[in-house]
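Attaching a single structure in structure tokens format; questions to follow.
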Amino acid sequence: MASRQAFRSLAASTPSYTTTSTTTLRAATTAASRRCASTFANTTTTTTTRTAAARRSTSSSRLQQGQGRSNGNKRSYSSTPGGSPPPRDTNKISFWPFVALIALTSGGYMLLVNRRKDMPPNPTSSSSAAAAPAPATTTTPAFSPSDVTVIFVLGGPGAGKGTQCARLVRDYGFTHLSAGDLLRAEQDRPGSQYGQLIRDCIKNGAIVPMEVTVALLENAMRDTLVSGKTKTGRFLIDGFPRKMDQAVKFEEVVCPAKMVLFYDCPEQEMEKRLLERGKTSGREDDNAESIRKRFRTFVETSMPVVDHYEREGKVVKVDSTPGPEKVYEETRKQLRRVFGDKF
């Protein structure tokens with residue numbers, strides 16, 4: 001019974017407790033809402049105020065800039081005291097000085113090059129070049145073609161050049177100068193500085209340097225004229241020139257050639273003659289290996305000389321395949337055609 005009374009007493013007091021708590025909670029909530037609203041209003045007001053101030057500042061700056069441009073086109077800087085311009089950034093790299101330096105350097109170089117083109121030759125260099133030793137050549141030929149007649153006698157090794165020259169010397173008073181004979185005599189001469197060089201060239205079928213051969217021919221021609229006590233003479237130069245530069249050098253230094261007497265013979269016939277001659281000649285180059293080298297050298301270096309003079313109309317060709325007598329008759333016939341009655 002006592003329990004029921006206590007329960008009822010508790011139930012009766014519960015509504016009063018609930019009503020009081022609800023009222024208090026509502027009051028607190030209302031107060032917090034008011035405080036939030038007040039804070040939001042204050043924040044909004046501050047933001048609005050700052051935005052307006054910024055807009056006024058921007059408008060003022062633009063107005064001052066416009067006034068500056070109208071008054072002397074001077075820009076006004078309102079963000080700094082007194083309208084002075086902001087300080088420059090000294091950390092930035094300016095490329096204009098480098099561009100200017102490159103332009104000035106290039107222009108100076110081009111000016112120097114153009115000035116050097118117009119300058120006269122350096123007198124020091126000219127004097128040095130003039131003082132340098134000149135080649136052992138003369139500006140004019142040693143012999144005049146009006147006094148000396150030169151006939152180049154060309155043909156492959158074994159074509160019969162020496163045989164025909166001997167007959168012309170016998171019948172017409174020519175002086176026969178064999179380049180090969182002069183070189184062999186020089187190589188055997190005691191104390192010759194060119195002896196070993198000549199020996200090696202002949203053995204290998206190579207061409208002796210032209211300075212040596214031209215000098216030997218010039219000396220031989222001079223000795224002939226001096227010994228005959230005359231300034232006139234007729235020379236058959238056998239086996240020379242073997243290269244185009246030899247021909248040019250000889251005509252510049254010694255004497256221009258009147259004509260070229262070319263003995264044409266097949267290679268097989270020439271090889272047979274040389275091998276037969278080698279049995280008794282005792283020459284180092286009369287062997288099969290040297291003969292073939294001499295053939296190649298003649299075709300590669302001497303035939304261009306024949307072609308050159310043929311274009312100038314100075315070549316007389318004679319077929320040297322027949323026997324020596326028939327070849328000689330043809331030689332005389334061709335020479336009379338060139339020299340006429342004077343031959």
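For all residues, glycine too, the Cβ spot is worked out from N, Cα and C.
Caution: TrEMBL annotation is automatic and unverified by curators.
Quick paste from TrEMBL:
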BINDING   G158, A159, G160, K161, G162, T163, R277, P322  ATP binding site
BINDING   R184, A206, I207, V208, G239, F240, P241, R242, Q246, R283, R294  ribonucleoside 5'-phosphate binding site
COMPBIAS  11-62  compositional bias 'Low complexity'
COMPBIAS  124-140  compositional bias 'Low complexity'
REGION    1-90  region 'Disordered'
REGION    119-140  region 'Disordered'
REGION    178-208  region 'NMPbind'
REGION    276-286  region 'LID'
Just to confirm my parser: what is the rounded mean pLDDT across the region 'NMPbind' (178-208)?
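That stretch averages a pLDDT of 88.
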What is the number of other Cβ atoms found within 10 Å of the Cβ of G162 (ATP binding site)?
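The answer is 17 other Cβ atoms.
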For the C-alpha pair, I'd like the distance in angstrom between G160 (ATP binding site) and G239 (ribonucleoside 5'-phosphate binding site), rounded off.
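Spelling it out, the Cα of G160 (ATP binding site) and the Cα of G239 (ribonucleoside 5'-phosphate binding site) are 11 Å apart.
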For R294 (ribonucleoside 5'-phosphate binding site), which residues of its chain lie six or more apart in sequence with Cβ-Cβ distance below 8 Å?
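Long-range Cβ contacts: G156, P157, G205, D285.
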Taking the residues G158, A159, G160, K161, G162, T163, R277, P322 listed for ATP, what is the greatest CA to CA distance in Å, to the nearest whole number?
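Max Cα-Cα spread across the ATP binders: 17 Å.
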Sort the binding-site residues K161, R277, P322 by C-alpha distance from Q246 (ribonucleoside 5'-phosphate binding site) and give me just the closest.
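With Cα distances computed to Q246 (ribonucleoside 5'-phosphate binding site), the winner among K161, R277, P322 is K161.
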When you tally the Cβ atoms that lie within 10 Å of each candidate's Cβ, which of the binding-site residues (G158, G160, G239, P241, P322) has the highest tally?
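Its Cβ has the most other Cβ atoms within 10 Å: P241.
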